[in-house]
Every structure is written in C-alpha cells, then in structure tokens.
Amino acid sequence: MTIALGRFTKEEKDLFDIMDDWLRRDRFVFVGWSGLLLFPCAYFALGGWFTGTTFVTSWYTHGLASSYLEGCNFLTAAVSTPANSLAHSLLLLWGPEAQGDFTRWCQLGGLWTFVALHGAFGLIGFMLRQFELARSVQLRPYNAIAFSAPIAVFVSVFLIYPLGQSGWFFAPSFGVAAIFRFILFFQGFHNWTLNPFHMMGVAGVLGAALLCAIHGATVENTLFEDGDGANTFRAFNPTQAEETYSMVTANRFWSQIFGVAFSNKRWLHFFMLFVPVTGLWMSALGVVGLALNLRAYDFVSQEIRAAEDPEFETFYTKNLLLNEGIRAWMAAQDQPHENLIFPEEVLPRGNAL
C-alpha cells in the first residue's frame, strides 16, 4: 500500500475563499465577516433613529410631540416606544398592525422595534469585529470581552426589561429626555437606587473613571525625559522597544501614598478592565431582576415605625414618600392608556403648574 504525504491544495478557489479574501483584505476600513452583520445593522439603526427624531410623532403612542418637525430639539426629540396595547409585537412593516403602510407603521411605533433590534445586532456585530480583528493579528480577545458589558446593559434595559413587563411601551424611548424619564420611572416604581446591583454598577463606572484618572496621571508623572522633542508626543518614537515611563517609580510613589500599590502592569491593567466590566454586568443582572418585578431592600421595621410615629423619619422612609410622589405623578401622565384619575390633593404641585 502506498501512502502519499503532502499538503492538500485546492485547484480553484470556491465562493467562500473568494469572499474571505475580499472581506478580510487589508484596507483603510476593515470589513470582515463581522461587517456583514455590523454595517447593515448600524446603518439601519442610525437611519431609523434620525428618521424618527426628525419626522415621526409620538402622539399615537404616548400623546407627545417627539420630532424636530413638531418643535423638539436634540435633547427632547425621541423615537418612542409602541403603545402598551401592542404588547410585544415585533411590529413588522408587513405585519397585521401596519399591513405594509409605512406611515401607519411609523405612527404605531414600528421605528422603535426597528431601531432596538438592529441596534442590538449592530452592537453584537461590533463585538464580533473586535474578536475577528484580534484573531487576525494574534491578539487576545479582551477588547471584545470588555465590550460585552455595554451590550449586556443595552439588551437588559431595552429588550429584556420590557419583555418582562406588559409590552415594549415600558422600555426607554430613544432620546435624551426620554432616557431621563425612564430613569425617574425606574426610581419611582422599582426604587432602583437602593438596589445592590445598581450600587455595583455605580461603583464600577465611577471606580473605572477614578482608575483611569489615576493611571493616566501616574504615567504622565513618571515619563522618562530621554527625548529631545518639544513635547511628550514628539519625544518618543511610537515603535521604540524600551518603555517610556517608570513602573518602579510609580510603584514606590503609590506605596508611600496608600501603603499598597500594583506590583506589575498585568495586574494593574486587568483590574482596570475588571472594575467597569463587572459593574456593568452586575447592573444588567439587576435590570433583569426588575423585569421580573423582584424587589431589593425593604426595611420594613423602619416603615412600620415611621407609620406609627410621625416624628420618626429616615432617609429611607423619606425616599419612599418621594417614590410615591413619582408614581402618583407619572402614572397618569406617563400611562394615558390606563385613564387614571387622581384627586387633586394627592398630586404634587410645582412652579410649572
């Protein structure tokens, strides 16, 4: 029996090879296989958002004006969620709600599901792009892993939370003031700021900002003065092999300041990755819990004592009263489909009235 040793080579390139060559070619803007998902989805998500904020009203879904055409500005314009009566319908243009009528589709809130779903897949495509490029240049995939954190937050807030509620209506609309409204809603109806997952998210984001500031300042403080350029950016060759700052000096400085310091760069930079990513993951988990209407801390003993003793009040019981005010005000204004009517004496009054 004869055994032939050698490498198998194709005589001709098939369609996959041709596409792979073109997609992964070295060009100014890398496309890649991930680009087949990223670029169309990002284009449609951004296009839908610009279209909605420019032309489309929220009168039929929220009883609001929400477009530049109606007089809104960048901070008040939004692509609003569909009405609560449409529940979790995907609101396809050709579906039973719009029946192929583009104007009716926009009026019903179809642009929101369009932007939300294309936006989610666009973010996933961007993460896959980082995986693909890292693999191409033989890097580890920590950039993509880090980017999974904002994806988790987006998916939990815009998709999982409304799926746990009665409809897309309770998701945030895509706009600046609309997001603020959603934050107030979360506080009033879920007491979100007292949720430990929210606390971990805040600690992660603010802790990451602190770490970035400390790290950047420390590197700037310990730069070697071995270049004759006019400033930091001209003094060093970007391809030089040697380091441009002293880790030993930085370690000694922070050891004197805090008594402890990072001993090597790997642990330092992993910690800078770990803090914000873990914080965002935890906050995403908390939002999933809110989708199921899970409650966080309830200090019942303080509530009972405050109810029995008018002179006893804590910041916790005060916040509960504020939350009641938010609910009383927002329920009628924010959910017009419920036709809620509250007596005047229970509604908060302000200078705007």
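Just so you know, the numbers here start at 1 and follow the chain as drawn.
Cβ coordinates come from backbone N, Cα and C, glycine included.
Note that this is a predicted model, so its numbers are computed, not measured.
Of the given residue ranges 20-40, 41-61, 314-334, Swiss-Prot assigns the label transmembrane segment to 41-61.
Feature transmembrane segment, per Swiss-Prot, maps to range 153-166 of the set 83-96, 153-166, 181-194. The shortest Cα-Cα distance between His118 (chlorophyll a ChlzD2 binding site) and any of the binding-site residues Gln130, Asn143, His198, His215, Phe262 is the one to Gln130. If you look at the transmembrane segment (153-166), the same-chain residues 6 or more away from its ends with a CB under 8 A from one of its CBs are 81, 84, 87-88, 116, 119-120, 123, 172, 280, 283-285, 287-288, 290-293.
The shortest Cα-Cα distance from Gln130 (pheophytin a binding site) to any of the binding-site residues (His198, His215, Phe262) is found for His215. Residues 67-70, 72, 77-83, 106-109, 111-112, 114-115, 118-119, 121-122, 125-126, 169, 173-175 of the same chain, all 6+ positions outside the transmembrane segment (41-61), place their C-beta atoms under 8 angstroms from a C-beta of that stretch.
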